[in-house]
Structures are given as C-alpha cells and as structure tokens.
C-alpha cells in the first residue's frame, strides 16, 4: 500500500478487529473493497498524473465553506460572495462541486468515544473494522461527489483523536488510557512501561492505516480532488498569556509533525486551522500566532513527496466561539498574513449556527459587503499582479524573510476598489507604478508553479 508502513499495511489487510462493528458489512462488500485496495498503488500513481483543481496555477483564491444560502431561503438575506471572486458551491452548501467537507458522521464508520466515554464503532482505531469503514466510505464518497471528475477541495474533519500518541492530551487522553487497557487485558503480567509502549505502537499504526487508507480511497475514486484533513498540521502555539509570546511552534511539536511524513505524503492539500481564539482579542499577538501556524504547514509541505502540495488555511470570520466579527486588522493578520507567505488560498468557514437568525444573516451580509469582500478583492488582486510582475504569471509571490511585516495588498495611492450596489463585482481601477514594482521586487520573491523554475519562474522544468 502506497505510503503505509509495514505494520499499517498489516492492519489494513487483517480481519476486522471488533466483531461488533462488522455485521453491517457483507462478505461480498468487504471482498469488493479488498479487491479495490489491491489496485491502489496503480490507481494512485495514475491519480498523481491526472491531478488538477480549482487552485491550479492561481496565485491566491478564497473558498467559501458556509451554508449562507439558508439566509436567502429563510430570511430573504442574500449573502452573495461570488461578486468578490470567492469560490463557492452552488447555493453555498457545505458539499458541492467546488468544496466538500466530511464530518465524522458523514464518512464511513469513524471510531471515537462520546463525552461520557461510550465507544462508537469500537472507540479506538485499533479496535474497529477498517474494512467496514472503507465499505461505507466508498458509498459516502460516491453519494457526496457524484461527478467522477470532481476537482474541488475534499476535506475530512476528524477531530476526536490525533494520530500521534503524544498529541492526545486533556479530553483526548481517553484514547491513550483505553489503548493501554486493551493491551493490559491481553497481557496482564506486563509491566506498565511495556504496556504503554505496545499501546502507543498499536494506536499510532492503526491511526495511520485509517487516515492514510481513507485518503487513498478518496483519491482513487475522485483523483482530481484536493484530499486532506482539516487542522493538519497543527502548531499548538496557544500559550497566549506568556509575556514573551513569540507564536513559534514548540520544538517537540515540530518533531512530532516530522513523524507524520506518511500523512503529508498522502495528502493532496494541507488544511491547517488559523481560527483566532477569543483570547487573542486586543493582544496584538494574532499575526505571530497565524504566522507560525502557516509556516509549519509550508515547512512540512516542502519536505513532503510533493513540494507543490497546496496549503489552504481554514479561516473564520468570527473570533472562535464568539459572535464578534474580525476587524480589518485581524483580516490582515489572518488572510493577509497567509497570502504573504505564498499559500495557495484560504477556506472561509462559517458555522451553521451563525445563520440561524435574520439578524445574524444581516450582520454577515453587511460585513461581507463592507469589509471582508473588499479585502478579499484587494489581496486576490495584489497576489495576481505580483505574480504577473515578478513571477511571469507562473508562480506565487512569497514574502522575503527580511520584511516580516510586508503584506500582499494594493497600494492605495495607485489603486481604488469601487463597490457596486447592483449585484455586479466591484471594479478595480489603477495600475502598478514603477515604485510599486520596485517595492514588490524588494519585499517578495517567487515560488514557481509545478513545471516552472528560475528566479522569475520564466523557465520550463521542475
């Protein structure tokens, strides 16, 4: 199996771990899935060649991942994101041709524990049936993505447990404790150190088999989709209250992320989260927080099997778990900071509870029309102009380390964005001055698209 360790391959092929989760899968279905799995290597190599998506050879895009069509159908409030060059599904649904996200109940038989400690589908990846999961996943993907040539974002949102043992702290510690109980029950005479070592190994290998195997199946069925997991990689730079907060990812986190090479190698896109916690309000630490989270994603992407893998951070327009919309400066610290580092784009996620009232829908529309939309036009236009001016239209502009505060935004002395009120896109007026070009050349450099090279991305070749 492509991308799996020997132990994970064994996990993949072995019979279901837990009899309680396998009755729903007929022998014919399981056998069909296993026959499909034997073709993965060939098909995945083919998928690598066939890849092409909504982000191909575009310097920066924004993708809408919010069900704001509800605002129109229920309250008559039209939150039109398309006029600001935001990619969205038809009727702005969570699942569609441009963007599909799978939550744990929507893809296969993901094992997890409830808040009260009850196991669902076996609870642990090493105690659940991967064959049963893939049989259900096969059907779920076909139902959610009926078009075989789907070329949008394909995001899997699994948050109950993390594939590295060391990252399962606090409420996720139950996955470590139950893993050790599983080993202890089989080997009651083993010392605690040996039990933990075996439990750690079993959990991590099974987690790899589940996560990599699910990606592989998606990539075989919809090879042009940008398959990846929400929230990966993480940086865990949440010590905001520290007086000398730098935002840097702890060394042990980077070391653990290095052990997830199988995940970065298997992903067709990386979707780190840069949601701004409420604790960052008024602290002036948001940019440092976002900067290092994006840097970590770019770091693991560059050393992966495909250094061109798109990085698409997830952004919220609200401070996390609040009803406070981000002010313009925080959009600069999140969307703007991401664009300046040369990511392929960003996903704008909106919780469904934000569209539950007419008032909240009206607030989102006003924010989109007055603040978010114009800023997206600004950043998207600046990224395109910089790509054409510096990178021959064949690469993205990436901020030079010597100018850590530089953002990819238009010079207001050279450009103006004129908003309309009749449903038409805003108009951008102006041209790059010689000074603008000189500033870009000083503060940014090029990261070439696949198939281009050279300082200015003007030469063919990898």
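Note: Cβ is positioned from N, Cα and C throughout, glycine not excepted.
Some features that Swiss-Prot has for this protein:
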- 71-361: disulfide bond (DISULFID)
- 98: N-linked glycosylation site (CARBOHYD)
- 127: N-linked glycosylation site (CARBOHYD)
- 159: active site, proton donor (ACT_SITE)
- 235-249: disulfide bond (DISULFID)
- 244: N-linked glycosylation site (CARBOHYD)
- 265: N-linked glycosylation site (CARBOHYD)
- 378: N-linked glycosylation site (CARBOHYD)
- 386-397: disulfide bond (DISULFID)
- 391-446: disulfide bond (DISULFID)
- 446-457: domain 'EGF-like' (DOMAIN)
- 448-457: disulfide bond (DISULFID)
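Cβ neighbour count within 10 Å across all protein chains ranks 127 highest among the glycosylation sites 127, 244, 265. When secondary structure is read from DSSP and collapsed to three states, residue 98 (N-linked glycosylation site) falls in the coil class. Here the Cα atom of residue 361 (disulfide bond) is found 23 Å from that of residue 98 (N-linked glycosylation site). Ranking the glycosylation sites 98, 378 by how many other Cβ atoms lie within 10 angstroms of each Cβ puts 98 at the bottom. In terms of Cα distance, none of the recorded positions chosen from 71, 98, 159, 235, 244, 378 sits within 10 Å of residue 446 (disulfide bond). The Cα atom of residue 71 (disulfide bond) lies nearest to that of 378, taking the recorded positions 265, 378, 386, 391, 397 as the candidates. In terms of local Cβ density within 10 Å, 235 ranks first among the disulfide-bonded residues 235, 249, 457.
Secondary structure of the domain 'EGF-like' (446-457), assigned with DSSP and counted as helix (H, G, I), strand (E, B) and coil, comes to 0 helix, 5 strand, 7 coil.
Nearest to residue 448 (disulfide bond) in space, judged by Cα atoms and limited to the recorded positions 98, 159, 378, 397, is 397.
Proximity of residue 386 (disulfide bond) to non-local residues of its own chain (separation of 6 or more, Cβ distance below 8 Å) is seen for 59, 397, 408, 440, 444, given in sequence order.
Taking all protein chains in view, 22 other C-beta atoms sit within 10 angstroms of the C-beta of residue 361 (disulfide bond).
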